[in-house]
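Feature annotations, courtesy of Swiss-Prot:
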ACT_SITE  H5  active site
ACT_SITE  H41  active site, nucleophile
BINDING   E25, D27, D85  Mg(2+) binding site
DISULFID  C45-C51  disulfide bond
DISULFID  C47-C190  disulfide bond
Amino acid sequence: WIMGHMVNAIGQIDEFVNLGANSIETDVSFDSNANPEYTYHGIPCDCGRNCKKWENFNDFLKGLRSATTPGDSKYKEKLVLVVFDLKTGSLYDNQANDAGKKLAKNLLQHYWNNGNNGGRAYIVLSIPDLNHYPLIKGFTDTLKQEGHPELLDKLGYDFSGNDAIGDVANACKKAGVSGHVWQSDGITNCLLRGLTRVREAVANRDSGKGYINKVYYWTVDKRASTRDALDAGVDGIMTNYPDVITDVLNEAAYKSKFRVATYDDNPWETFKK
């Protein structure tokens, strides 16, 4: 999965997919009542990027729905996975469940079209703080209460705080999550980060008894670091330059080992070599 980083304006969806992304990451900010408000990152952000592009959250969802609904004039067949980077740092811990409920209602209405031929992309809820694990239950309970448990098949989970793997496993357990887990690891492109924890996550994924199904690394903009991440065995690479990742995947050393995921590739299944 080539994951376009910080795609917060509707116009950027096309831009990143046209460069080779089959997945995007979108920032979600919340108001003081735990309502998802904007798709917005703000300053500081990655080096070389405009940090200030934004939409109202529900407007972005409608644009995303168009891009992921077959038959729509804006449909992009390649776009199959969306990571919502939930900026819950502005919330109190006791608002996490509420944030999950409100997020679910917004997605249900504006993205999934109340279950009536809505967007088809798989969705990952990415949470930066392990203490905010109740967001997941708020979200999943709401889908069930609203009569759409089938949409849980489209939903995955990530804790993005680079916490110890054992601590993340615990948070998943507390959230009632077993399966559909993407584990992120990374740092802003302005800084360097080694692959120690990525390798640990990959080992957990491949052990057959870990909690992780997929591992992705962020934010990778250079060919050398792309090769290092692929050599470490990641499933996804988040990038500001999808064309760079595409180029590396076309190199002889990687062409036979990796391919770009399509809609038919289940993002919750651990890949067996």
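Every residue gets a Cβ built from N, Cα and C, even glycine.
Since we're looking at a predicted model, the values are computed, not measured.
Recorded features from Swiss-Prot, shown on the structure.
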{"residue": "H5", "record": "active site", "DSSP (3 states)": "coil"}
{"residue": "E25", "record": "Mg(2+) binding site", "DSSP (3 states)": "strand"}
{"residue": "H41", "record": "active site, nucleophile", "DSSP (3 states)": "coil"}
{"residue": "C47", "record": "disulfide bond", "DSSP (3 states)": "coil"}
{"residue": "D85", "record": "Mg(2+) binding site", "DSSP (3 states)": "strand"}
{"residue": "C190", "record": "disulfide bond", "DSSP (3 states)": "coil"}
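Here is what falls inside 10 Å of the CA of the residue listed as 'active site, nucleophile' among the recorded positions E25, D27, C47, C51, C190: D27, C51. Take the CB of C51 (disulfide bond) and look out to 10 A: across all protein chains shown you find 15 other CB atoms. Reported as a whole number, the C-alpha separation between D27 (Mg(2+) binding site) and C47 (disulfide bond) equals 17 Å. For C51 (disulfide bond), the spatially nearest entry among the recorded positions H5, E25, D85 is H5, judged by CA separation. For C45 (disulfide bond), the nearest neighbour among the recorded positions H5, E25, D85, judged by Cα separation, is H5. The Mg(2+) site is set by E25, D27, D85; from the centre of their CB atoms, other residues of the chain with a CB within 8 Å are H5, M6, V7, N8, T26, V28, H41, V83, F84, L86, K87, S126.
Checking each of the recorded positions C47, D85, C190 against H5 (active site) by C-alpha distance, the shortest gap belongs to D85.
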